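Annotated features in Swiss-Prot:
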MOD_RES   SER2  N-acetylserine
REGION    2-24  region 'S100A10-binding site'
MOD_RES   TYR24  phosphotyrosine
MOD_RES   SER26  phosphoserine
REPEAT    33-104  repeat 'Annexin 1'
MOD_RES   LYS49  N6-acetyllysine
CROSSLNK  LYS49  SUMO1 cross-link
CROSSLNK  LYS49  SUMO2 cross-link
REPEAT    105-176  repeat 'Annexin 2'
MOD_RES   LYS152  N6-acetyllysine
MOD_RES   SER184  phosphoserine
REPEAT    189-261  repeat 'Annexin 3'
MOD_RES   TYR199  phosphotyrosine
MOD_RES   LYS227  N6-acetyllysine
REPEAT    265-336  repeat 'Annexin 4'
Amino acid sequence: MSTVHEILCKLSLEGDHSTPPSAYGSVKPYTNFDAERDALNIETAIKTKGVDEVTIVNILTNRSNAQRQDIAFAYQRRTKKELPSAMKSALSGHLETVMLGLLKTPAQYDASELKASMKGLGTDEDSLIEIICSRTNQELQEINRVYKEMYKTDLEKDIISDTSGEFRKLLVALAKGKRAEDGSVIDYELIDQDARELYDAGVKRKGTDVPKWISIMTERSVCHLQKVFERYKSYSPYDMLESIRKEVKGDLENAFLNLVQCIQNKPLYFADRLYDSMKGKGTRDKVLIRIMVSRSEVDMLKIRSEFKRKYGKSLYYFIQQDTKGDYQKALLYLCGGDD
């Protein structure tokens, strides 16, 4: 394994602990921040006849999440009303969804999206898979804590009652947030062993030893698995993604594919999800909003770069073509610029 590859691996999203999370975010803390002034301006905007949506969008999309929490606190102190409730009364449609998402902490937002994906008849497997496959240990542990706080039940219990079979086992294992962290020592012997076991458990035999796949893909560190998937190609005639498509079907196939794509290149994974949400006729606004809100302070700059590289046009351009009005304005602010 080349030194360059090892350095790049150490800089992967999960393992780069030296870089502040906001370094690749499009939304930065506002420099001359004044929570009281912002709260007053939002109060005035809500009271304006017809609602001054532009002011609300300008403020909330140009403040960090921590700053938005301060604004919400200042607003409640001023008006004796909760800001999310005021937003629900003042706004509607997709713009309301974006603004309410921005007012939640990242863990509250993910917890509420997970709950919504399992509420009522039918399960939104896509949302469930995206969130659980893409969050780090730390994020998942915080989501579990906040989920219990918000809904008085465990996330794991809800996943168990809403899913079944091997798909359920994979999600439950991932949701624990117990994956090994990236270490400084690279265990080439274990990399080779895991690659061989993934091959032996799938393509090499008749039927698939899914529990073996689950244990390796949910317990090993991201950096380790990146190397395992590379090594896997020396055993199998197919790469890991092709092997998954041959071996399993349905929700389980979808979950494994999402998981491997996240491990290989998380910003590219989100770039693909964003492209899929806007391609063709109609827009999958729920996916578009969730990614723009949840990644704006994490890795939006990397996502933009991968998007432009793969699709030839900027994410900003796609959003401009696919959305309109103040909803469009909000998403473009979260995007943080054209490429």
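Cβ atoms are placed via backbone N, Cα and C, with glycine included.
The distance from the Cα of TYR199 (phosphotyrosine) to the Cα of LYS49 (N6-acetyllysine) comes to 64 Å. Sorting the repeat 'Annexin 4' (265-336) by DSSP state (H, G, I as helix; E, B as strand; all else coil) yields 55 helix, 0 strand, 17 coil.
Rounded to the nearest whole angstrom, the C-alpha distance between LYS227 (N6-acetyllysine) and LYS49 (N6-acetyllysine) is 58. Counting only the Cα atoms, the space from LYS49 (N6-acetyllysine) to SER26 (phosphoserine) is about 32 angstrom. The two recorded residues SER184 (phosphoserine) and SER26 (phosphoserine) have their Cα atoms spaced 29 Å from each other. Annotation: LYS227 carries the greatest number of neighbouring Cβ atoms among the modified residues LYS49, LYS152, LYS227 [cut-off 10 Å, Cβ to Cβ].
Predicted-model confidence for the repeat 'Annexin 3' (189-261) is 97, expressed as mean pLDDT.
Distance noted between the C-alpha atoms of LYS152 (N6-acetyllysine) and SER26 (phosphoserine) is 34 Å. Candidate modified residues: SER26, SER184. Fewest other C-beta atoms within 10 angstroms, SER184. According to DSSP, LYS49 (N6-acetyllysine) is assigned to coil rather than to any helix or strand. Classification of LYS152 (N6-acetyllysine) by DSSP places it in coil, neither helical nor stranded.
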